[in-house]
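Quick look at what Swiss-Prot lists:
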- 387-411: compositional bias 'Basic and acidic residues' (COMPBIAS)
- 1-49: region 'Disordered' (REGION)
- 150-259: region 'VTT domain' (REGION)
- 365-419: region 'Disordered' (REGION)
- 1-82: topological domain 'Lumenal' (TOPO_DOM)
- 104-121: topological domain 'Cytoplasmic' (TOPO_DOM)
- 143-158: topological domain 'Lumenal' (TOPO_DOM)
- 182-235: topological domain 'Cytoplasmic' (TOPO_DOM)
- 257-274: topological domain 'Lumenal' (TOPO_DOM)
- 296-419: topological domain 'Cytoplasmic' (TOPO_DOM)
- 83-103: transmembrane segment (TRANSMEM)
- 122-142: transmembrane segment (TRANSMEM)
- 159-181: transmembrane segment (TRANSMEM)
- 236-256: transmembrane segment (TRANSMEM)
- 275-295: transmembrane segment (TRANSMEM)
């Protein structure tokens, strides 16, 4: 008997199950008393540890993805593009430092004339125009002008100037940006499904979500241009949302008024008064930053919730229409909402697989056995079709016609993708 057969025979002669079951005593010997874990008590981290670990993992994951995207983008750039990118980063840093230095010099320059300009209507109008025009992207300086308004005119008069110019400026910027960026909006709606989903979420609680967006710490002029690209947002609604959040504008006006008090009474003010004013400025900035960050997180969570709800509604509608074998109708009477929903519906159809698979149709690929590559390619090209379980007047019945006089043998390979 060959060696291979002998080894196989020995393997088959071995028992299929263990010789005996272990006794409880053996279990006690193998496992010490401290090895027995109390269920639901051991190896279960506390909620605070789980939340900390989850938050840390999210930060690490986001940083890893951002680093990967930066490396991927960097590899695609040629030499001169890399030089330009490095130059742009250096220029942005220098501009930021210069803006901070310039802002400090502005208050030093305004200190001698602030008392005179406080009663000047021309100064009020000029500063109002400055706040109005920085609403258009990509201009900057909106927050600085708000602080200057509080520095010159005080907290309440400065807030009135700042709020009215902000509401009118943001509304006009919204209208102009939508007119100029109309082609860009159409391209974004067609290419980016996330853009269509975000635009569609604004139809639920659009005013509430717009107010949350306006409270987020986003660049002011850029935010005006970005929100204008959502076709479901109307200019009056955007202006109303901006007017609702105008109490937020008291923060820069208050900071400006405190800075003026510190600059005017720095020789006469006691250390305690200085500490109170400085602490009030720091506390106001901290509250503004924390509130902006919190609202930003809540805005993202609400947008994801509304997007999931909209996708679920569209998915149910698609499945119902598919089961009833009827074409999809319009999703809304509003053309902008219907456009965004239709784009999102195509994305859902691709996810579900309605575009790639039909229960009544099976793709057949007919391969000729002749062995010729040319004939095989032509057969696949001309004889690939869809099998249907009913016949029309133009289709032939194989049970009536038979195999024919000159029959050929084919292999039928069905390629069916599971749903």
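Glycine is no exception: its Cβ is also placed from the backbone N, Cα and C atoms.
Sequence-distant contacts of the transmembrane segment (122-142), counting only residues of its own chain at least 6 positions beyond either end whose CB sits under 8 Å from a CB of the stretch, comprise 99, 148-149, 152-153, 161-162, 164-166, 168-170, 172-173, 176-177, 219-222, 224-225.
Same-chain neighbours of the topological domain 'Cytoplasmic' (104-121): 144, 148, 151-154, 259-260, 263-264, counting only residues six or more beyond its ends whose CB sits under 8 Å from a CB of the stretch.
Within the topological domain 'Lumenal' (143-158), the DSSP-based counts of helix, strand and coil residues read 16 helix, 0 strand, 0 coil. Sequence-distant contacts of the topological domain 'Lumenal' (143-158) (same chain, six or more residues past either end, CB-CB distance under 8 Å): 103, 106-107, 110, 114, 117-118, 123-124, 127, 130-131, 134, 220, 249-250, 252-257, 259-260.
On the 0 to 100 pLDDT scale, the region 'VTT domain' (150-259) averages 82 in the predicted structure.
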